[in-house]
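According to TrEMBL, the features are:
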type: DISULFID; residues: C41-C80; note: disulfide bond
type: DISULFID; residues: C155-C191; note: disulfide bond
type: REGION; residues: 195-227; note: region 'Disordered'
type: DISULFID; residues: C332-C369; note: disulfide bond
type: TRANSMEM; residues: 376-399; note: transmembrane segment
type: DOMAIN; residues: 378-409; note: domain 'Lysosome-associated membrane glycoprotein 2-like transmembrane'
Amino acid sequence: MALLHSNKQLLFAGVALISFIGCLNPVFAVTFEVKNGNNTCIMAELSANISVKYARADKQMNTVLVALPDSATVDNSSTCGNVSVAPLLVVRFGDGHSLSLNFSQNASDYQVDTLSVTLNLSDSAVFVNSSSKAPMTVSSSSTGIHASLNTTYRCMSATQVTLTSVNVTFSNMRVEAYLPAANFSKEATVCNADISTSTPAPKTTPVTTATTAPPAPTTAPTNPTAGTYNVTKSNETCLLAKMALQLNITYQNKTTVFNINPVTTVASGVCDTNISTLFLRDGSINLTFVFMLNDTKKFYLSEIAVATSDGFIADNKNLTYLRGTLGRSYMCSAEQTLTVTSVFSINAFHLQVQPFGVSSGKFGTAEECQLDEDNMLIPIIVGAALAGLVLIVLIAYLIGRKRSHAGYQTI
């Protein structure tokens, strides 16, 4: 019998985990370990969001997002394998849900042969009014998770595996099977998503723990440069954002103000029917923006999270910023401050965002913020006041002129 172990680890990567009822929790990834006696054979550290489409009793289709919570545990069906049985990691979470990774190897590599997800549709807290109460199990053999033996598969970017009616989005992922020691190997096989969004690196690179602090600000930071970011789904843009961001962080009794550089920032994310997430990574800074779409077809920014490699983490999942209408974009050219917590806020400039209903990769009709409308109103008011003043002076002049003529009589 394999000895099983799991624990949770707080990561600095910018990923928002979604609870079973759609609320967002702090940025956690969970670490799992499978042992045979005292020998560790599988280690995995990951975040996972599971999007599930199911039929309701009223015959309507509904989509729900389920996150792998930090309370997830390794199931006792997990095994290190033997000559006839492949290594298997099975993770249990919630009310009867599970996610499993089945491994295989050849002379030089190992891979996840099969990803399986089992969901308990009778869990009414997640699958509200589901027409089926039976467990649903779906699998995929196209995971894209493979690495050289004696290296750790590493993928910090959000990557999606598509199954029938289910999409699994992994992020902050490190996994290794056939471990030669009791911990992750020092060498890593980096996923294509991480390589394509960073400086090109060889397939195998040393794994190190990032300790770089956020960049020190200048004495008086200039306004940030606007960058354009997008998220795609099925090769089509599903979220579009243009904004210049300046972060204000108070950490260890020091306030730091610095700008997000769009040139060095990597964007990724996930789109679904009623929730869209934008991840931005600029060096050691990770930002998460979560947008919700309500029943009245209005969207809003519901959560902002930040995490840095030196340990600063802040998150607020009860926001209602940047409100707009489905199919349209929210635009605000004026500077606005998005307060997240007492120790973290964002100054946003030249902002335009559309998290839902993007068509042909372009922003829809813009709905302007109140700040822009106020800024337009001020010159109108000033102009009207000046026009009124000129009119008053003119009337006074005409009245005075008329009285002056009335004082003379013809002789």
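Cβ atoms here come from the backbone N, Cα and C positions, even for glycine.
Computed from a predicted structure; not experimentally measured.
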Ten-angstrom check, please: count other Cβ atoms within 10 Å of the Cβ of C41 (disulfide bond), all chains counted.
21
Protein Cβ atoms within 10 Å of C80 (disulfide bond), excluding its own:
23
Just counting, how many other CB atoms are there within 10 A of the CB of C332 (disulfide bond)?
23
